[in-house]
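What follows is a short report on a single structure.
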Amino acid sequence: MPLIYTLVFLLSIVHGQISDYTDKLFFKVNDEDFEHVSGVLRKEDYTFVSQIISGIYVFQKRGLTGKLSKKDLQSIKSYDDKIQTVEQVRRWQIQPTSNGLTGGNHGDPGSKYGMGIGDAWNLGVTGENVTLGVLDVGVDIAHPYLKDNIALQLSWNYDSNNSDVSPGYQHSYKEMLQSQDHGTNICGLLSANSNENATCAKGVAFQAKLAIMKVAHLDVKIGVFADDDNIARGLAHIANTISIYVNAFTYNNTFRNLDFATAAVLEQGTRSGREGKGSLFVFPSAKIGGGLENNLHTIVVSGVDSNGSVPASVDSNAAVLTSALAHGFSLMTRGMTTTTGTNPETKCTEKFGGTSASTAFLSGILALVLQANPDISWRDVMHIIVQSSEHESLMSESSNFTPNAAGKYFHAMFGFGLINAGKAVTLARTWTPVGNMFAVTGTHQSQR
């Protein structure tokens, strides 16, 4: 059974009132040297926190405040020659980038979903036997349209290190509810199994299962925030069974470097994840130069507005591979309905959209693709995405696509165009595997 972990909380990560740097540090140490180094660090008053992947560990230094200088980090590294690299774990305040609109359509979405989703359903794929994991601020696990599809045994709270993945709604702080509801909103677009009389629409992969990974924390004084090590742990979660990590979070500042631990997780995932076929890491488009998007091992999705226009929140980004709808179920509609934990009467909301929705839509479509052919590699999926993205239907923006050297039309904000689920599923079923990727840096060539 292919497992797709959709780490989806398209939340912009911004500098806030909390410290950008924590009292935790990443250490790169060979596994056979871990016990020795751990003993050395204990003498320096460090406490072991967790292992990210092989060779990368997190330790905490009680009482540490503020940013460590390069000299400080070098001093820590010099504790023992078995320590290869040290980096301070950063903390990021996060807020939703979803900008909901009223006026969504109701009922069964089969007749109104765009992006070829209805065509894909007609081909017999619904997400069955596929599990999507949602890395977010928590999800309403008792929601009537979600509870049957949520796999609690596969879920985990990385922020508190326990099994409670509920968002813990703070109804007394209404300004926080949109952020806390984000994971529940995402899950509805992914895999809501609503009936035809429901206000909420069905999810794209409505027979898929959901695993919830909670990595963010709410503080009513400062908002929602996440630590780099929790994000990295979520990205590395059961990599041999996860198929897709769809990460709907992004940094709000330009040219934000990626910590070495998360970078290593991404690379290892594409090398050995999904039982050697390579994990898929999907991220939303962000400001240029972001370390999560500007990485060979990630798939970047942008948002398309109604009538094919560019949403106000979308920036030019050469890392974008494809796009999905941001403010409607089709190019001709504006507004969408999805699940919510804050409306006890209808259990649904129309106040959701933006690149959060785009990330969820692409995630669900990729679940359909992997149901159609679970044996394709991460590179195969990237090629399928390119070949199944369309630009002719994007109306006023279609003329702004230009061919690249391979003859594929590309847009500065939309990548290769709007993803078509029916075309992607059709391609996947008869796909011939592509060759290895060659990465060339200077005069050194390595085969992947």
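Placed from the backbone N, Cα and C atoms, the Cβ positions cover glycine too.
Look at D136 (active site, charge relay system): DSSP puts it in a strand. Taken from TrEMBL, the feature active site, charge relay system covers D136 (among others).
For H182 (active site, charge relay system), the count of additional Cβ atoms within 10 Å of its Cβ stands at 31 [all protein chains shown]. According to TrEMBL, the active site, charge relay system annotation covers H182 (among others).
Reduced to three states, the DSSP call for S356 (active site, charge relay system) is helix. Sequence annotations record features per position, and here TrEMBL assigns active site, charge relay system to S356 (among others).
The annotation domain 'Peptidase S8/S53' is assigned in TrEMBL to 127-417. When pLDDT is averaged over the domain 'Peptidase S8/S53' (127-417), the result is 90.
The signal peptide annotation in TrEMBL covers 1-16.
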Of D136, S356 (the active-site residues), the residue whose Cβ has the fewest other Cβ atoms within 10 Å: S356
Reduced DSSP assignment, H182 (active site, charge relay system): helix
